[in-house]
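K.L.:
Please find one structure pasted underneath; my questions will follow.
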Amino acid sequence: MLEGRRVLNNIILIGLSGCGKTCLGNIISSDEEINFIDLDEYIEEKNNMTIKEMFSISEEYFRDRETEAVKQVSKLENTLIATGGGVIKRKENMDALGKSGCIIFIDRKPEKIIETLDISNRPLLKEGKDKIYDLHKERYKLYKKYAHITIDNNDSKEKVINIIKDIIKIKLHRR
């Protein structure tokens, strides 16, 4: 009856750069029996280049490598995936990720991001931390459009972690 049905699935975290995707993913994957992939790190490893180096060629160059990586990680199962902030810019990325699992938008106010953000490894923020407001304005509707679930990450990190753990238990059919 369940033959051919995919029971295990992925959990995909989307949101602005600095909203907490990688931090949350590392904490949750160490507590839960789930693999964790930071998509930006995956892209760097596969291409033997930093994100900054790829962006120095062009943003399009980076986005092409990001799309290829999305296709690869979307085939995985039982994986928590933290995406880069701009993954939502290409519909094909979000279609592949949406078929792969549950997309969770980690919603954090730009002011909160600016309080804690290290911009040194974030090419789109090289103009300064205020660029985060422009990115928020440009991308917020896309995050909301593609997310199956939105989680506010402006206060308690522990609360967000517990919500995601509950989603993992439900979506990945765990007890």
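Glycine is no exception: its Cβ is also placed from the backbone N, Cα and C atoms.
Unlike curated entries, TrEMBL annotations are predicted automatically.
OK, TrEMBL features for this one:
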type	residues	note
BINDING	GLY18, CYS19, GLY20, LYS21, THR22, CYS23, ARG122	ATP binding site
BINDING	THR22	Mg(2+) binding site
BINDING	ASP40, ARG63, GLY85, ARG139	substrate binding site
K.L.:
Measuring Cα to Cα, how far is GLY20 (ATP binding site) from ARG139 (substrate binding site) in Å?
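P.N.:
The Cα atom of GLY20 (ATP binding site) is 16 Å away from the Cα atom of ARG139 (substrate binding site).
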K.L.:
Given the binding-site residues ASP40, ARG63, GLY85, ARG139, which one's Cα is the least distant from that of GLY18 (ATP binding site)?
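P.N.:
Going through ASP40, ARG63, GLY85, ARG139 one by one, the Cα closest to that of GLY18 (ATP binding site) is GLY85.
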K.L.:
What subset of the binding-site residues ASP40, ARG63, GLY85, ARG139 lies within 10 angstroms of LYS21 (ATP binding site), using C-alpha positions?
P.N.:
GLY85
K.L.:
Measuring Cα to Cα, how many Å separate ARG139 (substrate binding site) from THR22 (ATP binding site)?
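P.N.:
With distance taken Cα to Cα, THR22 (ATP binding site) is 19 Å from ARG139 (substrate binding site).
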K.L.:
Check the Cα-Cα distances from ASP40 (substrate binding site) to the binding-site residues CYS19, THR22, CYS23 and tell me which is shortest.
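P.N.:
That would be THR22, nearest by Cα distance.
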K.L.:
Taking the Cβ of ARG139 (substrate binding site) as the centre, how many other Cβ atoms fall within a 10 Å radius?
P.N.:
19
